[in-house]
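Visitor: Would you mind keeping the following structure in view while I ask a few things?
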């Protein structure tokens, strides 16, 4: 027996109270969400002011009959039985009055609700399913949702209307069903027919033609971008006979197709399991089918649950911050320029002073040489050209010395770890400075060679004998007659060979070649677009430095050895760099490692677990170099360490991107086998025979080396962002944070047990982090297998929820899109029941599509005012600009200070 209250007049409202009031009543029903305007039974806001009287109706629902048990007005007074009510008791439900119309709607909804909950009383055996849908129906519907999402509203209707007028010019304004796809601009004729039938069924149109008004109505539904409308269209196309029922096979098909549309292969493989989960939820009595409306209810509930609710105070704060973050435009160009310059200097002062100092030193050297040669005896003949050439040469000598310093990684790591220079020197930009100096070398070499070949040498060749006489001490008694005189000399040969070798090395070091982006190169030349080509051609600089010393010694215009300063510039940097390379070779041979475990994961990722050498101390966020002689005895490649400093092993996760990593995966795949059931990875191999296992290739390591992410401990709040394989340094940091917090808690417990007081917090305390936000964005679902065990471990150990983890799978359509609605609903059901996310396979709930980074920064700024937040990013360069800009924007406009750091290898 069910009781329903509604208003007698006005638009009806329902405060449905479905309770167990008797042995014949149905079970407790779940709340149902419907958007206003839905033709089905609608539960509206019960808080709305009501002026019309209430009617308290108690009805008995059994099978297909509805009988009224009692009917009372508000206050308890009975209502006289009317002819309409008598008809209602007889189950005729003739719609003669407004009240009866409402009662009929209520009874219809109650029948629907009881069918959802499994029926009442003596349940009628289920009717044979009348499902004549083909397996292509759901598939076509999913494709249709893509089309529906791409329509362009009013602008599209004008084109549709124009085609309608052209097509129906000979049919009297009636559009044939077969011409529907052509009229709305749909290329798939079969899908257009399916869509036409679905839209026609919704409106009880049985003919094969429609007029212009009906077409516009069809178009409005197609163009309606609301979640409910697109979902309704999807279901209408699946439910061909409009009986509103789905069997388990059909649920399985929809899950499989939804997973396929979102590139979720794991869910596709487990479609049977998830279909059974939905049937268990919506068909607890094993009738054999579920109502389409019940599935829609779950989908809508899942969609509404994805919306984060906020308190009024938080909403106001969010609104105020949004207003403050709106860009402001100053009409005064000088003020705009000053404001931009001030912000730039505040955020980049470390880089600025280094670059300015570099320019000043080069300017001083250039000016010094220019003045020196302007006073020399060669100036009257060779003019300012020789001054320009010698000034540029001096800057080249300086830069050829400086360019080695940023790649002395051991020295830089020692300086940033053991000294306070990191406060003023941007060690994180070492590779960027290396590239800037390379540009300076290119400019200097161009000026030097150009001034000689195009200016002062021609002037020397065409000088008169009288003018040449003072230059005999430099070029000999016989005046040069051609360029060959200069080319055939030591200076000429060494100079041309250096330029050629540097041109090769610089070209292959550009991102297009180094990262293999030039796919259009012919077969033999494709090997030039690789990291290997960059690595080996960079060693040509060994020859370049030897030639540079020779070129600087055999000078035309300088005879005294102490004035030949090239070797003076180079001696310290070259010796320092040579020592670095010797240390790498020596250290890697001493610190022997054995391979404990190897796994090959989806997405071409190779995970290697190594034994940890004694005295190998590192910080989370640092990286090390790896060498495998079976691939190449000379190549060393940097990879972030994914294990935590407290672990007794070292681990790296290597993404197969180039020729070296591809060969490395091939070598290890030969000793790997498919894992047992329940173990992640496509291939695995564990060390079972100790250090003498001959199956694994020998691996050498060198490191650790400093990286920007290692400074995360300096911040109380950190935002960690990893894009794809860029999550590797962040994984180590996340583990380290948990370990440090656990250690602090254990130390506090020990002090409490011993009765000692808590030590005063030091300003130099190494670990300050109290809150961490980790965002991992990846394109493929299989990527979550890389760190599945680590994510589960962190989620389990982080009892105080210090770390907030967010996984984003960009292959899935964003939350709120009908194409991902079923996936989101499955995610909610499975996580509630099993505590596992169906997308990532971890305890961490995944999100769909890309994060809204502005909202991420905004939420952190609201939660942590007057706090300095460290933002650490590792991944593709495309996102760097956005994250850095947001960090600057929120720093300048809120009380939260965001300090952005990017990993560089």
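Each Cβ is built from the backbone N, Cα and C atoms, and glycine gets one as well.
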Visitor: Quick test of your reading of the annotation: per Swiss-Prot, do residue 469 and residue 563 share a side of the membrane?
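Guide: Membrane side for residue 469 and residue 563, as annotated in Swiss-Prot: identical.
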Visitor: When Swiss-Prot marks a stretch as transmembrane segment, which of 693-713, 714-734, 735-755 is it?
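Guide: That would be 714-734, per the transmembrane segment entry in Swiss-Prot.
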Visitor: Which range is it, out of 1-49, 50-98, that shows up in Swiss-Prot as region 'Disordered'?
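Guide: Here Swiss-Prot associates region 'Disordered' with the stretch 1-49.
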Visitor: Select from 179-190, 191-202, 203-214, 215-226 the stretch of residues annotated by Swiss-Prot as region 'EF-hand-like 2'.
Guide: 203-214
Visitor: When Swiss-Prot marks a stretch as transmembrane segment, which of 537-557, 600-620, 621-641, 642-662 is it?
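Guide: Based on what Swiss-Prot states, transmembrane segment spans 537-557.
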Visitor: Looking at 331-351, 352-372, 373-393, which stretch does Swiss-Prot describe as transmembrane segment?
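Guide: Per Swiss-Prot, the stretch marked transmembrane segment is 352-372.
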Visitor: Could you pull out which residues elsewhere in the chain have a CB under 8 Å from any CB of the transmembrane segment (566-583), counting only those six or more residues past its ends?
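Guide: Residues packing against the transmembrane segment (566-583) from afar: 397-398, 400-402, 404-405, 407-411, 545, 548-549, 551-553.
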Visitor: Tell me, roughly as an integer, the mean pLDDT over the region 'EF-hand-like 1' (168-178).
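Guide: When the pLDDT values over the region 'EF-hand-like 1' (168-178) are averaged, the result is 88.
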Visitor: Short question: which residues 6 or more past the ends of the region 'EF-hand-like 2' (203-214) have a Cβ under 8 Å from it?
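Guide: Distant contacts of the region 'EF-hand-like 2' (203-214): 161, 164, 168, 171, 173-177, 180.
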